[in-house]
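Taken from TrEMBL, the feature transmembrane segment applies to 40-60, 72-93, 126-144, 151-176, 211-232, 268-289, 301-322.
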Amino acid sequence: MTFEKLAMRSASDDDTDSAEGCLLTLTPGQRIGLTISVEAALLSLFAVLLVLGYIGVAALRAHWRRRQGVRLITNPIDIYVISLICSDLMQALGGILNIRWVNDGAITCSRYCAAQGILENTGETASAMATIAIALNTFVVIGFRKQPTRLWVAILVAAAIWGFSLFFPIIAYLIFRHSPNPFLAPTPFPNRFWCWVGSHHTRERIGGEYVWLWIAALGSFVLYVPLFFILLRGAEANNRRWWQLIFLSNTDSKEATDDIRAASFKMLLFPFTYSALVVPLSVCRWILFHDHDNPSAVPSWATFAVISLFYLMGLVDVLLLINLRRDLYVIG
């Protein structure tokens, strides 16, 4: 299929295809890179669906055993973790939609493109915000030795996260739908090789997503360092190594202080791993932002390597959740 036919096909889907920058052709190497990113997204999707299915089955079994209602949510951190997993689901779905661009050899403006952009923007923003919430909740538990118990506060926070993450891209898309510069369009790296916020909407990119990714990554690091040393000091006082807290569950210790330290330390792994996956992508972006006249400043293999790592976030979060299964009521 020629690129002219691709443009005509997408124009029938959406009248924004006449806009500048609505056709991005892919080289064979870029198609291979996108294929790898799709595989990474599929791994995350499978992992997220597996853990959500497990939670659902466990809830049904508990309900039939007790013949009464079952509370999956017992504390605020459960709400934040569920929000994080759901955001991973949306992000993985958005990544899997790249399969069409791999098949077509080009990315074009269309309703399909808009759907991918909304999924990506919503998932990535919600993931960053949920990570911030987890980091702050853990900071309160460790730094102030206080366990937040008001579920309604966490529910309001989660509602605000999803309200902003969902409505921002949808409303912006509707506002700029007939604009010469559509809000959601094919965006080559340094941003991405898929549909996302168009290059003419820099402020919306920063305010709608980038700022939250940076706050989550930087804030997690700022909070992680002092809390790590607090936990390290407590572990040494109880003759434990810091790495033992990763594998210690609340059923393995007779000391209440060990319970709190172990659970809190493992919760820190969510923002820590988030930062580890986001920072490489951000570094590539900053290099090309400051050297935009030299697209080869970052090798193509590095570009798709960090993109694929980013799409593995759902899988990584699920692995952490499995390790936390006895510290979080939601997963039993």
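Cβ coordinates are placed from backbone N, Cα and C, and glycine is handled just like the others.
With Cβ pairs under 8 Å as the measure, the transmembrane segment (301-322) is packed most heavily against 40-60, out of 40-60, 72-93, 151-176, 268-289. If you look at the transmembrane segment (211-232), the same-chain residues 6 or more away from its ends with a CB under 8 A from one of its CBs are 124-125, 127-129, 131-132, 135-136, 138-139, 142-143, 242, 245, 261, 264-265, 268, 271-272, 274-275, 278-279, 282.
Taking every listed stretch (40-60, 72-93, 151-176) in turn, the largest tally of C-beta pairs under 8 A with the transmembrane segment (126-144) is reached by 72-93.
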